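Q: Okay, here's the structure, questions in a sec.
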Amino acid sequence: MLLHIPTILSRTQATSMQERLAAANWTDGRETVGPQGAQVKHNLQLPETSPLRQELGHEILDALARSPLYFAATLPLRTLPPRFNRYQENHQYGFHVDGAVMSLPVAPDHTPASLRSDISCTLFLNDPDEYEGGELIIADTYGEHEIKLPAGDLIIYPSTSLHRVAPVTRGMRIASFFWVQSLVRQATHRHQLLELDTAIQSLTASNTDHNTILRLTNIYHNLLREWSET
């Protein structure tokens, strides 16, 4: 399921992040990928140990927690802390697939933890007219989809998808990216639950008979109970 979620960040929040990132120290993005990815990845990335990465990451996680649509679409169990990248002129990232299992930050009790990447997320931090090129291109069974969204908007898509970032030919593209392990492993099941949840919300807003809404809500939770992994 490819889904555009508008205004995760307000204009003020996105601008503030841009300003703080402008003064940051960036590193070669190839340092965070394996040999295959390094052959096609040409961008800059905020270091994992950067205090700014942690600060902005917390702000993004707080914003995501305030979005009912994000929660309904992802049903998050675990989230990798947001990372940040920058594409300048001639930067690009060729077709690649995200790793299936990723390490989470070490817990206070030093217990190792990992995340299964079910959903890939890109949060755009500057507007499309500030750069040329730089489209996120996602390939699926229906072809290739070009994504280039306003600052503060989020795109989510299955981590099983091949995807790339087109070459930037003018300006600079700044974004945050992260992965989610969902309570519901299968993308088709998540899509069905989102459609059902959306229908329930619409019927509730239109003052439909309470018993009808209750029956649909019962179906939703029983499906979630059957499909979820905790």
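Placement of Cβ uses the backbone N, Cα and C atoms for every residue, glycine included.
Given the structure is predicted, the values throughout are model-derived calculations rather than measurements.
What Swiss-Prot records for this protein is below:
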{"type": "BINDING", "residues": "His96, Asp98, His163", "note": "Fe cation binding site"}
{"type": "BINDING", "residues": "Arg173", "note": "2-oxoglutarate binding site"}
{"type": "DOMAIN", "residues": "78-182", "note": "domain 'Fe2OG dioxygenase'"}
Q: Around the Cβ of His163 (Fe cation binding site), how many other Cβ atoms lie within 10 Å? Please give the count over every shown protein chain.
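A: Taking every protein chain into account, the count is 23.
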Q: In the structure shown, with every protein chain counted, which of the binding-site residues His96, Arg173 has the densest set of Cβ atoms within 10 angstroms of its Cβ?
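A: By the 10 Å Cβ neighbour count, Arg173 comes out on top.
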Q: So for Asp98 (Fe cation binding site), how many other CB atoms are inside 10 Å of its CB?
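A: Result for Asp98 (Fe cation binding site): 17 neighbouring Cβ atoms inside 10 Å.
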Q: Over the span of the domain 'Fe2OG dioxygenase' (78-182), count residues by DSSP class, listing helix, strand and coil in order.
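A: Tallied per class, the domain 'Fe2OG dioxygenase' (78-182) gives 3 helix, 60 strand, 42 coil.
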Q: Hey, how far is Arg173 (2-oxoglutarate binding site) from His163 (Fe cation binding site), Cα to Cα, in Å?
A: 17
Q: Hey, for the Fe cation site built from His96, Asp98, His163, who else sits with CB inside 8 A of the CB center?
A: Phe95, Val97, Ser120, Ser159, Ser161, Leu162, Arg164
